[in-house]
Amino acid sequence: MHTSVRCVLGRGELVSVGLLGTSMVGASWLLGMFAELRGCCARDCWGWRRKTWVWKGSVQRLTCPLLSVTLLVSFGSSMLYGYNLAVVNSPAVHIKAFYNATWSQRYGHGLPPGPLTLLYSLTVSIFALGGLGGSLLVGMLVARYGRHGTLGRSALLVLLAGGLMAFSRQLAAPEMVIIGRAITGLHSGICLSVVPLYLGEIAPKNLRGFLGLLPSIFICLGVFCAQVLGLPELLGQDRYWPLFLAVVAIPASLQLLLLHCFPESPRFLLIERNDVCGSTEALRRFLGTSDVQEVLEEMKEEQRSLSLVQTVSVWQLLQERSVRWQTLSVAVVNVGMQLSGIDAIWFYTNTIFRNAGIPESQIPYTTVGTGAIEVVAGLIGCFTIEKLGRRPLIITGFCAMGTCLAGITGCLLLQAALPWMRYVAVACVVGIIAGFCMGPAGVPFLMTAELFTQSHRSAAYVLGGSLNWLCNFTIGFIFPFLQMSTGAFSYLVFCGVCLLVALYVYLIVPETKNKTFMEISRVFAARQPLAPLCHAGMLRLRGYGAVESSLEGSEHSLP
């Protein structure tokens with residue numbers, strides 16, 4: 001296996017070959033797992049009708065329309081987020097040279113190193129600033145255009161951004177690169193919230209985890225595509241970097257052409273538009289059966305419970321005591337997702353490998369190897385979430401990241417005395433990315449959909465998305481300066497964040513696997529506030545950390 005990979009890569013030596021070999025082993029194991037999953041499905045099947053599976057009982061199974069729309073929006077929206085995270089990594093030298101040359105043409109002198117680094121940091125982090133703006137618009141857009149309509153219209157932003165970046169060098173306008181990055185960030189800010197919102201509402205409860213994590217796989221796939229296309233043999237050359245940035249227009253165009261073939265979210269149509277016929281037809285399309293009465297009744301129950309409740313704003317969400325723990329949990333996991341340091345790893349992978357002592361000629365291939373492992377790790381998380389649950393994946397992921405971040409610090413401190421520590425540092429980078437892709441990459445977005453009912457869900461996505469992007473911008477902007485001032489110890493900050501978030505999830509967040517939105521809401525409604533913990537004789541902690549009354553029949557609500 002290693003020999004054949006070496007022949008393909010040529011310049012990729014021991015490190016990159018080993019990484020790719022590991023990813024192939026993982027892919028082989030995953031194919032066997034998928035075959036087993038299909039075998040299990042076949043044992044419960046009534047039959048094959050119109051390219052969909054029709055299943056016994058209330059347990060719904062995957063149908064072609066469900067899988068197709070999930071793959072389409074993941075490819076046309078979520079993958080662009082991952083691509084744009086990593087696309088500025090490979091051509092960093094070429095982009096800086098373009099900025100410097102343009103500045104020299106305009107003002108007669110080049111940029112000093114400090115301002116040049118600042119301008120490039122702005123190019124990197126403006127993507128997150130645009131994402132913050134997009135996340136703030138989510139509530140208004142999904143209320144006006146629906147989930148489906150918002151995804152379709154937002155694809156137009158990518159076409160505009162791709163055009164600006166593609167022609168930036170011909171017009172000698174660095175501003176077009178920065179504006180294009182901001183617009184792609186705006187698109188990702190919208191879609192990073194709307195895609196899981198849409199999929200969470202169309203998926204049956206037993207498939208919500210699987211379909212909810214597919215976008216995170218495409219985020220990893222987007223990072224991997226950016227790493228592969230950024231190789232010197234492909235688009236990593238100086239003359240191709242504008243095209244490299246503009247490739248995002250291709251998936252967006254495909255989504256724009258095909259998304260109209262699928263219906264709007266049935267839950268949105270029924271609860272927010274009161275369109276019973278449209279909701280029923282959408283359910284039949286997605287579930288592949290005409291018998292949707294049970295699912296429709298569950299949605300009507302939620303509609304009745306929210307009949308006197310209007311859709312809340314972010315400010316109302318923050319003030320509402322009955323959902324305080326859900327709101328806090330969404331804030332913690334979204335902030336932790338970005339302050340875990342994953343964006344610092346993605347944005348500056350080449351720099352990290354260079355500081356770890358990896359030869360310059362091997363860095364692009366080492367980066368591609370880590371990207372392949374990202375995809376495999378994401379697939380493993382996707383295929384195990386319905387078996388293991390949400391909590392084990394996110395806790396294990398954050399713990400693995402924290403451990404590897406501490407390992408990077410140790411490696412960078414010891415590599416001068418122990419040259420082989422540079423390879424341990426690469427392994428730690430791989431561990432961070434794999435741990436992130438298995439759980440923290442997708443579970444926070446899935447949790448945001450699951451922890452709230454329809455009236456609060458849009459505001460929760462605005463809050464979670466805003467915090468996510470604000471932290472993304474902060475990390476992307478300050479990490480180069482943090483690294484220059486603290487060196488190897490900069491990674492210990494991220495290590496502490498990862499371990500604290502894992503502890504919070506272990507103590508506070510319940511498991512939501514195979515529960516309806518109303519059932520999850522009741523779990524939180526029955527939970528005690530943490531303040532009365534001093535009354536130890538009346539309260540006890542259950543296995544996942546929820547505080548419940550030991551007196552039967554007593555009812556409490558959150559503060």
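Glycine is no exception: its Cβ is also placed from the backbone N, Cα and C atoms.
The model shown is predicted, which means the values in this text are computed figures rather than measured ones.
Record features, source TrEMBL:
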- 70-513: domain 'Major facilitator superfamily (MFS) profile' (DOMAIN)
- 20-41: transmembrane segment (TRANSMEM)
- 62-83: transmembrane segment (TRANSMEM)
- 118-143: transmembrane segment (TRANSMEM)
- 155-172: transmembrane segment (TRANSMEM)
- 178-199: transmembrane segment (TRANSMEM)
- 211-229: transmembrane segment (TRANSMEM)
- 241-262: transmembrane segment (TRANSMEM)
- 393-417: transmembrane segment (TRANSMEM)
- 423-447: transmembrane segment (TRANSMEM)
- 459-482: transmembrane segment (TRANSMEM)
- 488-509: transmembrane segment (TRANSMEM)
Please report, as numbers and ranges, the same-chain residues at least 6 past the borders of the transmembrane segment (62-83) whose CB is under 8 Å from any CB of it.
41, 51-53, 151, 154-155, 158, 184, 187-188, 191-192, 194-195, 198-199, 202-203, 207, 210-211, 214-226, 247-248, 251-252, 254-256, 258-259, 262, 285-288
Are the transmembrane segment (459-482) and the transmembrane segment (178-199) near each other by the rule of at least 3 C-beta pairs under 8 angstroms (pairs 6 or more apart)?
yes
Report the listed stretch (155-172, 211-229, 423-447, 459-482, 488-509) having the maximum count of Cβ pairs within less than 8 Å of the transmembrane segment (241-262).
155-172
Which range wins on Cβ pairs under 8 Å with the transmembrane segment (488-509): 211-229, 393-417, 423-447, 459-482?
393-417
Per Cβ pairs under 8 Å, the stretch of 393-417, 423-447, 459-482 packing most closely against the transmembrane segment (211-229):
423-447
